[in-house]
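Chemist: First, the structure itself, so that you have it in front of you.
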Amino acid sequence: MLKLICIAFLVTVLTLVAGQDSLDPAEYACASDINQEELLKKNDICSQCEKLHEEGIVFSLCKTNCFSTEYFEHCVKDLEEAKNEGKDAVTSHDSSTNGLINFIKKYN
């Protein structure tokens with residue numbers, strides 16, 4: 001009996017591990033023939049956006065209707081802005097001065 005339980009547990013774990021590189025399109029309200037690579041990229045965008053905004057609800061809103069809402073578009077824009085913001089940021093002073101200089105540069 002113990003062997004049977006161990007085998008069932010092992011099969012369950014292996015099934016979960018094997019499925020990590022693919023996503024279920026139905027979970028995102030996408031067509032079943034959507035490209036998995038595209039689905040993974042869009043899912044990653046929503047995941048990064050959730051980390052950027054530090055709000056759990058962002059991921060759910062971002063993936064709604066197969067990533068076709070304004071939330072997804074805003075996430076793409078916000079991530080691009082965050083990426084570009086770091087390129088021109090002043091970092092040679094203390095953090096308070098850096099923040100003030102970067103704020104002024106952003107709004108001038």
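Each residue, glycine too, has its Cβ placed from N, Cα and C.
According to TrEMBL, the record shows the following:
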SIGNAL    1-19  signal peptide
DISULFID  Cys30-Cys66  disulfide bond
DISULFID  Cys46-Cys62  disulfide bond
DISULFID  Cys49-Cys75  disulfide bond
Chemist: By CA-CA distance, flag whichever of Cys30, Cys62, Cys66 among the disulfide-bonded residues is nearest to Cys75 (disulfide bond).
Modeler: Cys62
Chemist: Within 10 Å of the Cβ of Cys62 (disulfide bond), how many other Cβ atoms can be counted across all chains shown?
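Modeler: Neighbour count, Cβ to Cβ under the 10 Å cut-off: 26.
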Chemist: Note down the number of other Cβ atoms within 10 Å of the Cβ of Cys49 (disulfide bond), including every protein chain shown.
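Modeler: By my count, 23.
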Chemist: If you run the three-state DSSP split on Cys30 (disulfide bond), which class comes out?
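Modeler: Where Cys30 (disulfide bond) sits, the three-state DSSP reduction gives coil.
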Chemist: Report, in whole Å, the straight Cα-to-Cα distance of Cys46 (disulfide bond) from Cys66 (disulfide bond).
Modeler: 11
Chemist: Are there any residues at least 6 positions away along the chain from Cys30 (disulfide bond) with a Cβ closer than 8 Å to its Cβ? List them or say none.
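Modeler: Sequence-distant Cβ neighbours: Leu39, Cys66, Phe67.
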